[in-house]
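What TrEMBL records for 100-518 is domain 'Major facilitator superfamily (MFS) profile'. According to TrEMBL, the feature transmembrane segment maps to 21-44, 150-170, 177-195, 201-224, 236-257, 263-282, 349-367, 379-397, 404-423, 429-452, 464-484, 496-513.
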């Protein structure tokens, strides 16, 4: 009997139905951006200083500029590499006393300022920003700065738990149901986050967003790759990820117009409410229905696709039957990802590459941002680099396959990180060029791992495989801030050295995976196990069933 890919060749591999569905899911991809990288704008930390009662009045009376006010009333700079003391410490001085002069108010209190006692910022802080962020509203600075790290870690913990749990549900109960549930929860938690009264509720709703948002993005990716034909699968996978890059550019513009974090959070959450209309626009994946022996529903959807595309469905393709040897539908299990040798190897290598992509992608942005002066422009330029990365994939992936461009992109990122260690600071143009090259390389690797991951697993565990492996990028996201900022305190270039080693190892491991260029998606475990061997010319079964292993695992 014919496969789903054979049917799509007759009713359209990328016609009106697939284009419409792709556009809708691409909007979902772009809307994921504020959750993944929105902390840059929602929780930015502006320059700040201790609020000292009486200083503002004294400054107005004396006619000081801001620079003069800081010079006369705030502690001076600390040792190299340390935060300025005025951000977290203040002079223990009563600034309301009338004896203070405008020329040098502290001269009459001590011959040397270093002898004046310093204390914590008991009255809060003054933030030099026209807008607001979670940091400025809840004072997540100085002794409370760890709460900002917790805010970012919470969403990555949510990514990790949600990807694994929802991935299982999607393979067990269907892609569409799971997609709609994640959209509903994401919309509700995003709107509630915008009106949260305190930090605790902000943290809770941020965690909930993490639990569902990334899983929804990946389910959309799985859906579109299962709706299109073999010859278009690669292109839609890449462009789906390019929609995320478009979301990056849109986020910069919205954040620039709305510098207050609550209005920004509300604005970027509203699209998820409209995504609930997808209930009437996007059907269930026929591949998943067939894998669950729901052939009648699968045939109704296939006929719907054919009607939308204006293509007739041949009579010979309108009869679907389950495997005669199968007496029950397959239920995905985590053990299926490691039960057989080849799939086990695929799983381990894919998990490491997801981890590598996350650490290098986020780490390079953080490391470059340490010296950034205008984070709106820095963010915009870094997003632009991702378009040529996607273009290079499109130009090379059909000519060279998946493995070699993927391995090369990891190695380019690793070499770029290593080269940056030895480039002197005065050659800034060269450092920026090499950094952009590394960003381009890891962006290619990130897009490639998402593309190939879906191509290495059989249908009934494909969604589970993608979400479990990709959960390692959430582990990377949790540790990357600590990796960058802690190692930078030891040596500014040490994170780059670590990134170089991680990237080069990932490039070598990719070469151990099979090439998936021009191959149909595996539908059974046997097909996934034999991907490195030439397939025999035999009739392909449209349903997805395998026998259970008789010998249980110990």
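Here the Cβ of each residue, glycine as well, is placed from N, Cα and C on the backbone.
Long-range Cβ contacts of the transmembrane segment (236-257) within its own chain (Cβ-Cβ under 8 Å, at least 6 residues beyond either end) map to 14, 18, 22, 25-27, 29-34, 36-38, 41, 217, 220-221, 224-225, 228, 264, 267-268, 376, 379-380, 383-384, 386-387, 390, 393-394, 397, 446-447, 450-451, 454. Most Cβ pairs within less than 8 Å of the transmembrane segment (379-397), among stretches 177-195, 263-282, 349-367, 429-452, 496-513, belong to 429-452.
Among 201-224, 404-423, 429-452, 464-484, 496-513, 464-484 has the largest number of CB pairs under 8 A with the transmembrane segment (349-367). Between the transmembrane segment (21-44) and the transmembrane segment (464-484) there are fewer than 3 Cβ pairs closer than 8 Å, counting only residues 6 or more apart in sequence, so the two stretches are not in contact.
On the 0 to 100 pLDDT scale, the domain 'Major facilitator superfamily (MFS) profile' (100-518) averages 84 in the predicted structure.
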